[in-house]
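*Asks:* Dropping the structure in here first, questions after.
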Amino acid sequence: MKITIISVGKLKEKYLKQGIQEYLKRLSSYAKVDIIEVADEKAPENLSEAEEKQVKDKEGERILQAISPDTYVITLEIEGKMLSSEQLAKKMDELALHGKSKLAFVIGGSLGISEAVQQRSNFAISFSKMTFPHQLMRLILLEQVYRGFRISRGEPYHK
Ligand SMILES: C[S@@+](CC[C@H](N)C(=O)[O-])C[C@H]1O[C@@H](n2cnc3c(N)ncnc32)[C@H](O)[C@@H]1O
C-alpha cells in the first residue's frame, strides 16, 4: 500500500522532525509512506469568517492538487468519527483487500479543512474532541498507522 500524508505548512520543530523520521523508518517495512507539505496561507489574527474561508479554500486547492483520482482519502477532522487503533488497522486492511492501493491522510492547517476537501474525503477520522497542533498531529498519525500495521500482522506492540 502507498500512503501519502498531506499536511499544510512546513514542519519546523526539531523534536517533531526526529519523531517523524523514526516512524517513517519503522513504517518502511510495511508500506511506502510519503509526506507532502503544501504551502500554508499567512493568516493574521482576527480574520472575518469570509476571510478564514478564503484561506482554507486556497490551502484546500493545494491539497486537492496533491491527490490523484484513484486515491482513498481520509481527512483528519475533530468532528470526524473516532476509531480505536484496532478499527483503524481493520479499515486499512479492508482498503487493501478491496484493491485500494493508494491511501492519503489529510491534515488541515491552523484553520482546518476546506469544504471542497471535505467533499473529496472518503472518511473523516477524529483523534478526539481535543484540538492538536497540525504538526504534532502528523507524528500522532504516523504512530497510529504504524500501530495499525503491527496490530494487523499480530506483531507485539506496546499496549
Ligand atoms: C490546529 S487544527 C485546526 C483547528 C481548526 N479550528 C479546526 O476546527 O479544524 C489543525 C489540523 O489538525 C488536525 N487535528 C487537530 N486535532 C485533531 C483531532 N482531535 N482529530 C483529528 N484531527 C485533528 C485537523 O486536520 C486540523 O485541520
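Backbone N, Cα and C define each Cβ position, glycine as well.
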*Asks:* TrEMBL has L76, F127, S128, K129, M130, T131, F132 down as binding S-adenosyl-L-methionine; which of G60, G108, G109, G148 does it also list for that site?
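*Replies:* Of G60, G108, G109, G148, G108 joins L76, F127, S128, K129, M130, T131, F132 in the S-adenosyl-L-methionine site that TrEMBL records.
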*Asks:* Which residues, in sequence order, are found in the same chain with Cβ within 8 Å of the centroid defined by the Cβ atoms of L76, G108, F127, S128, K129, M130, T131, F132 at the S-adenosyl-L-methionine site, excluding those residues themselves?
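*Replies:* Other same-chain residues with Cβ inside the cutoff are I78, S126, M137.
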*Asks:* Mind giving me a neighbour count for F132 (S-adenosyl-L-methionine binding site)? Other Cβ atoms within 10 Å of its Cβ, every protein chain shown.
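*Replies:* Excluding its own Cβ, F132 (S-adenosyl-L-methionine binding site) sees 16 Cβ atoms within 10 Å.
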